[in-house]
Amino acid sequence: MSSIYRTVSRKEKPRRHHGLTTQKKQEIKEAFELFDTDGSGTIDAKELNVAMRALGFEMTEEQINKMIADVDKDGSGAIDFDEFVHMMTAKIGERDTKEELTKAFQIIDLDKNGKISPDDIKRMAKDLGENFTDAEIREMVEEADRDRDGEVNMDEFMRMMRRTAYGGN
């Protein structure tokens with residue numbers, strides 16, 4: 001199932017560099033400077049939470065602490081500008097991935113009912129020159145269909161694609 005989705009995603013849109021735009025880099029720099037309120041050159045957990053909100057990310061205290069721990073090389077409990085840029089690049093990449101998966105879902109959902117049905121997969125596979133049996137298509141749907149309604153909704157699709165792409169849940 002995942003090979004069909006990856007093929008569709010690649011056909012629809014050429015691969016693009018996931019670097020940050022100049023505007024995004026500037027926004028990150030401004031956010032860092034704005035929220036480094038004491039001018040120390042680092043951002044602590046409280047400052048990071050405010051910065052993340054300003055950039056459009058709502059996060060729990062636990063998520064903020066984990067973000068700091070993931071990039072805090074010296075164990076100071078705060079992050080410097082380079083660590084902040086690295087962390088924000090990853091967060092923005094996650095958001096881009098969700099947008100790409102949403103587009104892929106919409107392409108595969110041929111009847112535009114908000115769910116991917118076995119018929120959608122069969123027609124898409126045929127358009128791509130793939131030949132799957134009904135049993136193979138049913139197995140693909142069952143792999144992702146958590147609510148067991150016989151179709152794959154957006155949440156199920158996202159979960160399955162993330163599991164496929166990242167080897168986890």
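Glycine is no exception: its Cβ is also placed from the backbone N, Cα and C atoms.
Under a cutoff of 8 A between CB atoms, and with a sequence separation of 6+ in the same chain, the neighbours of S40 (Ca(2+) 1 binding site) are A78. Residues annotated as Ca(2+) 1 binding site in Swiss-Prot, with sequence analysis given as evidence: D36, D38, S40, T42, E47.
Within 10 Å of the C-beta of D74 (Ca(2+) 2 binding site) we count 10 further C-beta atoms, all protein chains included. Classification of D74 (Ca(2+) 2 binding site) by DSSP places it in coil, neither helical nor stranded. For D72, D74, S76, E83, the entry in Swiss-Prot reads Ca(2+) 2 binding site.
Swiss-Prot lists D109, D111, N113, K115, D120 with the feature Ca(2+) 3 binding site, giving sequence analysis as the kind of evidence. Taken residue by residue with DSSP, D111 (Ca(2+) 3 binding site) is part of neither helix nor strand, so it is coil.
The feature Ca(2+) 4 binding site is assigned by Swiss-Prot to D145, D147, D149, E151, E156, with sequence analysis given as support. Around the Cβ of E151 (Ca(2+) 4 binding site), the number of neighbouring Cβ atoms within 10 Å comes to 20. Under the DSSP three-state reduction, E151 (Ca(2+) 4 binding site) is assigned to coil, being neither helix nor strand.
Listed by sequence, the residues of this chain that lie at least six past the ends of the domain 'EF-hand 1' (23-58) yet keep a Cβ under 8 A from its Cβ atoms are 64-65, 67-68, 76-81, 84-85, 88, 91-92. Residues annotated as domain 'EF-hand 1' in Swiss-Prot, with sequence analysis given as evidence: 23-58.
Residues annotated as domain 'EF-hand 2' in Swiss-Prot, with sequence analysis given as evidence: 59-94. Listed as Cβ neighbours of the domain 'EF-hand 2' (59-94) (distance under 8 Å, sequence separation of 6 or more from its ends, same chain) are residues 18, 20, 24-25, 28-29, 32, 40-45, 48-49, 51-53.
Residues or ranges marked as domain 'EF-hand 3' in Swiss-Prot: 96-131.
Taken from Swiss-Prot, the feature domain 'EF-hand 4' covers 132-167, and the record attributes it to sequence analysis.
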Mean of the pLDDT scores, which run from 0 to 100, over the domain 'EF-hand 3' (96-131): 86
Secondary structure composition of the domain 'EF-hand 1' (23-58) [DSSP: H/G/I, E/B, coil]: 23 helix, 2 strand, 11 coil
Additional residues surrounding Ca(2+) 4, by Cβ distance to the D145, D147, D149, E151, E156 centre under 8 Å: K115, V141, A144, R146, R148, G150, V152, N153
Nearest recorded site to D149 (Ca(2+) 4 binding site) by CA-CA distance, among binding-site residues E83, K115, D120: K115
